[in-house]
């Protein structure tokens with residue numbers, strides 16, 4: 001008999017979140033707080049709950065203690081820009097986690113970088129138009145963009161004997177606050193007269209972070225908007241920031257974040273430099289592969305993926321070959337004998353299932 005368990009997502013309430021998920025998924029509003037993230041997975045920072053056969057609930061990390069899930073599945077909704085950030089690879093995460101444990105830094109300490117010993121590659125699929133800054137532009141583009149800003153401090157960086165992506169980011173972070181403010185003021189004076197997307201993004205960042213040199217990011221990073229259903233993969237070490245919209249995120253089961261700007265939180269410059277990939281990045285959207293009734297989004301480098309099923313009133317068979325978490329992203333779906341509304345989730349083992357209804361079923365799965 002196939003095993004199907006109801007799952008209750010964990011909730012993260014951050015100021016940059018929105019009220020959209022409350023309405024989208026019919027969730028009760030908590031103290032009028034913005035709802036930023038729903039977590040579906042077993043990460044100990046915020047494990048989901050799973051309903052057992054006796055109708056009691058257990059956290060998913062305990063339920064799968066003998067064989068933890070390798071992915072963390074999130075729904076994210078941002079009304080404001082998130083921080084510039086980078087995620088480590090496995091080697092970096094393991095070394096950093098062990099080092100900070102040896103230093104007896106509490107897991108909840110604000111200057112703690114590593115919450116676990118695992119890498120955090122991630123993929124993102126838009127549920128609404130989703131604005132993102134990701135990866136570095138080619139150096140030539142960066143120089144052209146930054147040369148428009150009249151600043152002696154910035155020109156010193158651009159004309160230094162060694163100039164590359166790494167020296168740029170490091171030098172910007174190490175500027176005096178006086179120089180940062182002068183550069184920010186000059187950049188904003190240009191941006192308010194320009195209609196180009198990168199300058200408009202800079203204006204928006206300046207609204208939320210008027211004293212943060214990270215507002216220059218659109219000038220040295222790629223800016224794009226994913227339309228609903230479009231997805232892309234972000235390898236570890238890729239600098240990025242989500243700036244507005246609602247998406248599904250699927251990542252390695254990790255909560256490790258190294259910040260690079262657009263935040264009042266701790267920035268560990270040395271660790272950031274060690275973990276960032278300082279190369280130009282060409283954003284490429286993932287191309288779905290049709291497998292029976294599902295469209296599969298599977299980055300070649302990962303051991304997880306997303307499967308999308310457009311459910312109709314005509315019953316469809318769904319063959320699942322690995323442990324998965326299902327989410328009804330919209331509509332109403334009958335999964336075997338279980339009726340699911342938008343925002344409701346299941347944990348399932350491999351097997352054959354029947355689905356019908358009218359909605360979008362998103363399945364996060366393990367591979368390899």
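FYI, residue positions are counted from 1 along the chain as it appears here.
Each Cβ is built from the backbone N, Cα and C atoms, and glycine gets one as well.
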In TrEMBL, 85, 87, 122 are given as binding Zn(2+), so which of 207, 240 is in that site too?
240
Tell me which residues of the chain lie with their Cβ under 8 angstroms from that of residue 122 (Zn(2+) binding site), as long as they are six or more apart in sequence?
87, 233, 234, 249, 250, 251, 252
Taking the centroid of the Cβ atoms of 85, 87, 122, 240 (Zn(2+) site), which other same-chain residues have Cβ within 8 Å of it?
86, 120, 234, 238, 239, 257
Other CB atoms, at most 10 A from the CB of residue 87 (Zn(2+) binding site):
27
Taking every protein chain in this structure into account, which of the recorded positions 240, 259 has the most other Cβ atoms within 10 Å of its Cβ?
240
Per DSSP, residue 122 (Zn(2+) binding site) is which: helix, strand or coil?
strand
